[in-house]
Amino acid sequence: MLIVEGMPLLYLELAVGQRMRKGSIGAWKIISPYLCGVGVASVVVSFFLSMYYNVINAWAFWYLFHSFQDPLPWATCPLNSNRTGYEEECEKTSSTQYFWYRQTLNISPSLETSGTVQWEQALCLTLAWLVVYLCILRGTASTGKVVYVTASLPYCVLIIYLIRGLTLHGAVNGLIYMFTPKLEQLSNPKTWISAATQIFFSLGLGFGSLIAFASYNDPSNNCERHAIIVSLINSTTSIFASIVTFSIYGFKATFNYESCINKVILLLMNTFDLEEGSLTADNLRTGLAFIVYSEAIKNMEVSQLYSVLYFAMLLMLGIGSMLGNTAAILTPLTDSKAITSRFSKEVISGFVCFINCIIGLIFTMEAGNYWFDIFNDYAATLSLLLIVLVETIAVCYIYGLRRFEKDLHMMIGRKLNWYWKAMWAFASPLLIVSLFVFYLTDYILTGTLQYQAWDGT
C-alpha cells in the first residue's frame with residue numbers, strides 16, 4: 001500500500017499544492033471549475049476528523065495530569081463506600097479498565113442513554129483546543145515551527161521506551177508475535193482496507209492538509225524527493241513504534257501468564273493438599289495467554305515517569321496531527337478574499353477552533369465514547385478512498401498527465417519517472433476502486449452496524 005498508494009499519492013498532492021499555490025478548494029478549482037467539490041469534501045472530512053480527534057488529546061491531558069500521583073490512580077481498584085473491600089464493578093474487570101470506563105468516561109450503558117457532559121473531560125477538551133489555537137495563531141505558514149517539537153519529542157520518548165521495553169521480561173515473546181506472519185490474512189479484504197486506511201491517515205492523504213502545506217513551498221522545491229523521504233520515514237517510524245509497543249505487549253502478556261500459572265498452582269496445591277514444589281510452570285499447561293497492554297505501565301519500576309513520558313508523547317503526536325487537520329480547514333478559508341477582507345486570520349482560526357470545541361462536547365458526554373467510535377469507524381475511511389480516487393482521475397484524465405508532467409519538469413527540473421506515471425494513471429486508481437468495492441461489499445454483508453458497549457454488571 002505504501003508503494004502503490006502512499007508514495008504516489010503523497011507526491012501528487014504535494015505537487016498539486018506547490019504548483020497551484022492554493023489550498024484544497026482553490027487548487028482543484030484551478031484544475032477544473034467542476035472539481036471544487038473535491039476540495040470541499042477534503043475540508044468536510046478534515047472538519048469531521050477535528051471534531052472528534054482532539055478528544056484523544058483531551059484524554060491524554062487527563063491521564064498526564066493523573067500520572068503525577070503515587071501510586072498511579074489506575075494501579076489498584078478503589079475501595080467501596082463501606083471501605084470493606086474494593087468496588088464490585090472494578091473487581092469484575094481490572095483497575096485499568098475501571099479507571100478508563102468509569103472514572104475517565106463515566107460511560108453510559110448504551111448510545112441511547114446520552115447522559116450529561118463530564119465537566120472534567122470538557123475542561124480537558126477546552127485546554128486541548130486552546131493549545132491548538134495558540135499553535136496556529138500566526139497562520140498556517142508558521143505551524144511548521146511547532147511541528148519541529150511535536151515531531152521530534154516522540155522519537156526521544158520512543159527511544160527511551162525501546163531501551164526499557166527490550167529489557168523487560170517477556171519482551172521477546174511480543175516481538176516474535178509481531179514478526180510472525182499470518183499469510184492467510186492476505187486473502188482477507190479487510191487487511192488491505194486496514195493497510196490503506198493506515199497509510200492514508202499516517203501520511204494525511206485526502207484531507208487537504210498536504211496541499212495546504214505544499215502551497216507555501218518554494219515553486220522550485222523538489223517535492224518528488226520529499227515525497228519519497230517522508231513516505232519511507234513515516235513507515236519506518238511505524239515499524240519502530242510497533243517494536244516498542246509489542247515488546248511491552250510481550251512483557252504484559254508474560255506477566256499475566258505467569259501470574260495466572262502461579263494462582264492455578266496455588267489453587268491446585270491447596271485443593272488437593274499436594275506437596276510443596278510438586279507443581280511448577282514447566283509441568284502445568286493451561287493454555288492461558290492474553291494481553292492486557294493498558295496495564296503495562298503500572299507494572300514497571302518508576303511507573304509515574306514512564307506514564308508522564310508516554311502521555312506527553314501521545315499529546316505531541318495528537319497536537320501535530322491536529323495542526324495538519326486545522327490547516328486543511330483554514331487554508332481554503334484564508335484563500336478567500338471575501339472572508340479575509342472582513343476578518344483577520346486570528347479571528348478565523350479562533351472561530352474554527354471554537355465551533356469544533358463546542359461540537360466536540362458531544363464526545364465528553366457519558367455516551368460520548370460510543371459517538372467517538374462511530375465517527376472513528378465511519379466518518380473518514382470511505383470518504384478518503386473516494387476523494388483520492390477523484391484526485392488521481394482529475395490530474396491524469398482531466399488536467400492531463402502530459403500537462404502535469406510539464407509542470408513538474410518546470411518545478412523540479414527533470415522528467416517524470418515512469419513509476420509515477422504508471423501508479424497515477426493505472427495502478428493507484430484500480431486499487432482504490434477495488435478497495436472501494438470491498439468496503440461497500442463488507443458494509444452490505446455485515447448488515448446491522450454495531451458498536452461495543454460497557455456493561456457495568
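Placement of Cβ uses the backbone N, Cα and C atoms for every residue, glycine included.
Bear in mind that TrEMBL entries carry predicted annotations, made automatically and left uncurated.
The annotation Na(+) binding site is assigned in TrEMBL to S202, N234, L317, S321. Listed in sequence order, T150, P154 are the same-chain residues six or more apart from L317 (Na(+) binding site) with CB atoms under 8 A from its CB.
Only residues 6 or more beyond the boundaries of the transmembrane segment (30-53), in the same chain, are considered here, and those with a CB under 8 A from a CB of the stretch are 16, 20, 22-24, 206-209, 211, 318, 321-322, 325-326, 328-329, 332, 356, 359-360, 363, 371-372, 375-376, 379-380, 383-384, 386-387, 390-391, 394-395, 398-399. The transmembrane segment annotation in TrEMBL covers 30-53 (among others).
According to TrEMBL, the feature transmembrane segment maps to 119-137 (among others). Remote same-chain partners of the transmembrane segment (119-137), defined as residues 6 or more beyond its termini with a Cβ less than 8 Å from a stretch Cβ, comprise 54-55, 57-59, 61-62, 104-105, 143, 146, 318-319, 322-323, 326-327, 330, 346, 349-350, 353-354, 356-357, 360-361, 363-364, 368.
The feature transmembrane segment is assigned by TrEMBL to 146-172 (among others).
Residues annotated as transmembrane segment in TrEMBL: 192-216 (among others).
Residues 2, 6-7, 10-11, 155, 158, 161-162, 165-166, 168, 171, 174-175, 177-178, 198, 202-203, 291, 293, 296 of the same chain lie 6 or more positions beyond the ends of the transmembrane segment (228-249) yet place their CB under 8 Å from a CB of it. The annotation transmembrane segment is assigned in TrEMBL to 228-249 (among others).
The feature transmembrane segment is assigned by TrEMBL to 308-330 (among others).
Residues or ranges marked as transmembrane segment by TrEMBL: 351-372 (among others). If one looks beyond the transmembrane segment (351-372) by at least 6 residues along the same chain, the residues whose Cβ comes under 8 Å of a Cβ in the stretch are 47, 50-52, 54-55, 58, 105-108, 110-118, 121-122, 125-126, 129, 132-133, 136, 326, 329-330, 333, 343, 451, 453.
Proximity of distant same-chain residues to the transmembrane segment (378-401), defined by a Cβ-Cβ separation under 8 Å and at least 6 residues beyond the stretch ends, is recorded for 5, 9, 12-13, 16, 28, 31-32, 35, 38, 41-42, 44-45, 48-49, 52, 193, 196-197, 200-201, 205-207, 421, 424-425, 428-429, 432-433, 435-436, 439-440, 449. The transmembrane segment annotation in TrEMBL covers 378-401 (among others).
Nonlocal intrachain contacts for the transmembrane segment (422-441), taken as residues 6+ away from its ends with a CB within less than 8 angstroms of a stretch CB, comprise 4-5, 7-9, 12, 189-190, 192-193, 196, 381-382, 385-386, 388-389, 392-393, 395-396, 401. The annotation transmembrane segment is assigned in TrEMBL to 422-441 (among others).
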Listed in sequence order, residues with CB under 8 A of N234 (Na(+) binding site) and six or more positions away: G6, S202, L203
Among S202, S321, which are binding-site residues, the residue with the most C-beta atoms within 10 angstroms of its C-beta: S321
